[in-house]
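Per TrEMBL, domain 'SAM-dependent MTase RsmB/NOP-type' is recorded for 1-321. If you look up TrEMBL, you'll see Cys111, Ala112, Ala113, Pro114, Gly115, Gly116, Lys117, Asp135, Asp180 marked as S-adenosyl-L-methionine binding site. Look at TrEMBL and you will find Cys233 tagged as active site, nucleophile. The compositional bias 'Basic residues' annotation in TrEMBL covers 346-355. Among the features that TrEMBL reports, compositional bias 'Basic and acidic residues' is placed at 359-372.
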Amino acid sequence: MAHSLPVSFEAKMKSLLGDDYESFRQSYHHSPQAGIRVNTLKISAASFKEQSPFALRPIPWCETGFYLEEGTRPGLHPYYHAGLYYIQEPSAMAPVELLGVEPGDRVLDLCAAPGGKSTQIAAKLAGSGHLVTNDIHPDRTKALAKNIELYGVRNAVVLNESPERIAGAFPGYFNKILIDAPCSGEGMFRKDEDMLKHWKEDSPLQYAGMQRDILASAALMLEPGGTIVYSTCTFSPEENEGMIAVFLKEHEDFTMVSEKDAASPWFSRGESAWLLQHGLPEAGLDPVQDDAYIAAAAESRRIWPHRVEGEGHFMAVLRKKEIPGGSQRDDSNAIERHLKEQVKPKKDRRGKKGVSRVQSRDERNPRGKQSDIDGAALLQDFIEQYLHLDLGGDHVIMHGQHLYRSPVPEERLKGLKIVRAGWYLGQVKNGRFVPSHPLAAALHPQEASQVVNLSSSNGEAVRYLKGETLEIGHDRVKRGAGSEVVQQPKGYVLVCIDGYAAGWGKWQSGMLKNEYPAAWRWTSV
Ligand SMILES: C[S@@+](CC[C@H](N)C(=O)[O-])C[C@H]1O[C@@H](n2cnc3c(N)ncnc32)[C@H](O)[C@@H]1O
């Protein structure tokens, strides 16, 4: 499709790209490539490849990412609802690959909705360490929270905050931070008509102000030796190399990292020389005095739609210098000590392994309700009856009647707008623990005492996802670990699709009552 582009955008790109402009312009005659990224919290990329309902072609910069053939509709398969993959534009998979996330890391995704990169980070954490994921727009955090839950992430906190306020609560705390910045979106013109419609000649400079503030807050939250990846989906030098040059000038304790992807043939280098044409005075940079910062900014990476199969993207990897001979997390150690004093783990009131006494907001309130305090016991009863799971009791917290397993001490989140305090486990209702859908979505079948498996290929899974009650014989209610039939099944069963958790059902006398949440239901015919 040959998009018509804003005249001033075309003129600017022509002046920047020179001889390369024609092939750049030609790329707008091709459709954008669709992609999916396999959710390795649920299935390995190798296993998914074997059972994939779609033809897959590897995306070179992301081991778990695949191109789809044109016309494929991955959102219309039960595997999507079982959280086996995330539908993601191929270039958008690159920034997290550069962040180098490893299990055990403390990661912040500052501009995260709807959660493509957060789910990718969570997959790399593989349940160890934690993710704080945030977006400033309240509506967009709903989609973010839903995706975190659909993908079975157990170790993420979802916030709806400004970066400055998060910085107040987490100084020097994270070792990896992703800033997938709000931007003028020039790289998405081919894929998203809205970006094209909203673009104005001064959009880059408007976004640049925002980006500068976000980067400054992120710098405060990074521990020495830690890494920030800054990415945009736009071409303008003002929001890219210019932003990085200014950041380096204002943060002498940071350096550019270039070696990580030096050998990546699909990424191009940044273009510092462009700053001489666009954005230097506005950014407060002097071409002579600041030449070292301007040159360093070229160590960034660009993805060009006319050079690879993907939309336009920019990425820079920044490292905070280590403190020679010093503790690398001085700040946060002090805060940690302070928090430990405030939140001493209390003795397990039931004396059992599993859920210890719940940290309840109301518990610290002398007028707290008795029902809240019973939350730990009710949850523990549920776990004993239905699950094989050790939640690590100190982390279970209660907000009102709702129980979460939080990966960060609750005190740390005080005063922040919390969308999800962690893995949402369920709620206390009429004196019972009612398990949540996110609890089911993040379980592995072997962690459930009763499992019913539905097939994706005979219509049964779709009927479940539509909210129907299903006839399921006793012989199909199995123990999660193995294929043994449960002798006297009763109550909650984990409903799986081809062996992957999709939600709850309640089994009784050959009928599976549907517990799939109404808001999540399959609505297509
Ligand atoms: C490029 S999108 C993020 C896409 C997301 N990383 C993903 O992979 O799905 C940028 C996001 O930044 C959010 N945003 C805008 N200004 C922000 C700010 N000052 N602080 C945090 N987030 C902000 C927007 O609401 C938007 O969701």
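Backbone N, Cα and C define each Cβ position, glycine as well.
Of all residue pairs in the S-adenosyl-L-methionine-binding list (Cys111, Ala112, Ala113, Pro114, Gly115, Gly116, Lys117, Asp135, Asp180), the one with the greatest Cα separation is 13 Å apart. Cβ environment of the residue listed as 'active site, nucleophile': Ser91, Ala92, Cys183, Gly185, Glu186, Gly187, Met188, Glu311, Gly312, His313, Phe314 lie under 8 Å away, each six or more residues apart in the same chain.
Neighbour counts of Cβ atoms within 10 Å were compared for the binding-site residues Cys111, Ala113, Gly115, Asp180, and the top value is held by Gly115. Of all Cβ atoms in the protein chains displayed, 25 besides its own lie within 10 Å of the Cβ of Lys117 (S-adenosyl-L-methionine binding site). DSSP assigns Asp180 (S-adenosyl-L-methionine binding site) to a strand in the three-state reduction. Those residues of the chain, other than Cys111, Ala112, Ala113, Pro114, Gly115, Gly116, Lys117, Asp135, Asp180, with a C-beta within 8 angstroms of the mean position of the S-adenosyl-L-methionine site C-beta atoms are Asp109, Ser118, Thr133, Arg140, Leu144.
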